[in-house]
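The block underneath contains the structure these notes are about, expressed in structure tokens.
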Amino acid sequence: MKPVIALVGRPNVGKSTLFNRLTRSRDALVADLPGLTRDRHYGEGRVGARPYLVVDTGGFEPVAKDGILHEMARQTRQAVEEADVVVFIVDGRNGLAPQDKSIADYLRKTGRPIFLVVNKAEGMKYTAVATDFYELGLGDPRAISAAHGDGVTDMINEALEVAYADQPEEEDDNDPSRGIKIAIVGRPNVGKSTLVNALIGEDRVIAFDMPGTTRDSIYVDFERNGKKYTLIDTAGLRRSGKVFEAIEKFSVVKTLQSISDANVVILLLDAQQDISDQDAHIAGFVVEQGRALVIGVNKWDGLDEHARERAKADLTRKLKFLDFAKSHFISAAKKTGIGALMRSVDDAYAAAMAKLPTPKLTRALIEAVEFQQPRRRGPVRPKLRYAHQGGQNPPIIVIHGNALDAVTETYKRYLENRFRETFSLTGTPLRIEFRSSTNPYADKG
């Protein structure tokens, strides 16, 4: 699995700026999705052939006793304890603060690899920046400027050397004994363990535990209606006899790693609770990772008609950027709706892995343009000439033509909908890339 880098520090030291720089290659993929919060806490970065996950923990108040700061501190502690490397960020301009000492005291006790990073160090001599922070007892400080990028590449390379040293060998995704890899994600108490047992069935468990990382990610192979699946542990599910129980609280790190490792993600929601920012953040990460997705709204049997309409409206309003995914209203406890849910898992996987022939893609593109042409931008109208497939899981469609930088986001979404309809691409994100001719005088007007 991809290693996890946790960014920790008191408020306003530049964690979000560093987060954005470390994940910059992925920003464009989600920035234009309507309804998706921009306040992202999880992202992916890559240095060469080494991908990694980043968690921005928010402002860390390690001694907070109550309220929102207490909850943030609890979540931060859990992320730190499960991360492969912790990047502890301090402010080089303002110098050492009492809060930095409290955080350092806590971090030293965790046993995690700690990288002490002095941010906002642009234009300052290293000795002047670093001297204050040696007393934290976390080794040599690394001076960076997250805003300008100074020192960031060297820092993340060092962190990845440590993170990858502890990573087990990657599993073979082409292993024929493995089926579609499914991650079931969601907040605590939404019914993940109940759904797992409904899927696997107590009387016909074909399951075994395989240690993944040192923090015991578990893969459970099972069959359903003659098809093979592999369930990735997301909720600290552990087998008790023939059933699975959730014995750990919600883990951001395990959730991110499971999403990244999956072929299809089931986002499980509680019909009796409003959709939270946490749900939206996790859903956004699924889209960013390009994973096929099915939404399960659990405990549906406990709602009257009015409550059901309210829950559907909440889903449409808060997760409208997931309109490509099928939603199923289920009861894991009563095992209702499970069959339809799994059929959507199969369909989403098939869509994510679909092979799209160039002639058919180009024909679909031409028909879409004939039905609705892109708007002009000044004297220039984009000319869309042909399309081919650039990748799978998620499907990537590459469109060639002239002046394609003038294509609007609205028109891009129109094309996406046309391609989805033509090729039945339900349940998977779809990427569209434009490649323009290098001739600046081509096809003006």
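Any Cβ shown, glycine's included, is placed from N, Cα and C.
Because the structure is a prediction, the values reported are computed rather than measured.
In Swiss-Prot this protein carries:
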- 3-167: domain 'EngA-type G 1' (DOMAIN)
- 9-16, 56-60, 119-122: GTP 1 binding site (BINDING)
- 180-353: domain 'EngA-type G 2' (DOMAIN)
- 186-193, 233-237, 298-301: GTP 2 binding site (BINDING)
- 354-438: domain 'KH-like' (DOMAIN)
Cβ neighbour count (within 10 Å, all chains shown) around Lys192 (GTP 2 binding site): 26
Lowest local Cβ density among Asn12, Thr57, Asn189, which the record lists as binding-site residues, within 10 Å: Asn12
Helix, strand and coil totals (DSSP H, G, I; E, B; other) for the domain 'KH-like' (354-438): 32 helix, 24 strand, 29 coil
Other CB atoms within 10 A, centred on Trp300 (GTP 2 binding site): 21
Cα separation, Trp300 (GTP 2 binding site) to Asn12 (GTP 1 binding site) (Å, whole number): 42
By Cα-Cα distance, the member of binding-site residues Gly9, Lys15, Thr57, Ala121 nearest Lys192 (GTP 2 binding site): Thr57
Other CB atoms, at most 10 A from the CB of Gly9 (GTP 1 binding site): 25
